[in-house]
């Protein structure tokens, strides 16, 4: 029997997580363990908690919330504390409410859950559902169908990537999808804002906000294809070295020494 570990960054009560658990329980004869944050941890990136203790709080059969933990905490602790004899065959992070594309991947707690898994040597996928602000309720039907297909492929054929690589998967908002595209991550155009105010005691404070987020116009990027109605799959590697720039930096350093 296969073993699956699930986490997310929207918290243990999120709708995307509930839908995913229901589908996996119905479609796969697998031993499923869920460890999710006790509260929303969106944009927490790959942070882990080093300054205070963490504790599992059981909320169901093999279902735990991690008290004030991040997605990376959830995966790290689950692998070290809950799996004594055999590690999971797959880690799934999601389904996130909102896309994780372009450089957003570096901020994403959802993607960080998958990153932590592959750092520990476990195949992983990150799942995110794109939606429009006008949508009152998210439809996860397509996301669940595609996720089922991908997991079945992984179990039948093995994971398609090397160590320290994961699949970042995004699902379009449209009810009728055009298909699945393997693509690169796009490039964000960022316009951050910091809104200041003063509390009743006269102390200034700030709310961070990301306003008017947009992307560079690239035909085959994840965001462009997602907007056109395609589900996107982007292989992500944790090796951040810009190999093609190494000679340039050596030349630059040598020139500075002259």
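Placement of Cβ uses the backbone N, Cα and C atoms for every residue, glycine included.
Here Swiss-Prot has 9, 10, 96 binding divalent metal cation, and the candidate from 42, 45 in that same listed site is 42.
It is 9 that, of the binding-site residues 9, 10, has its Cβ surrounded by the most other Cβ atoms within 10 Å.
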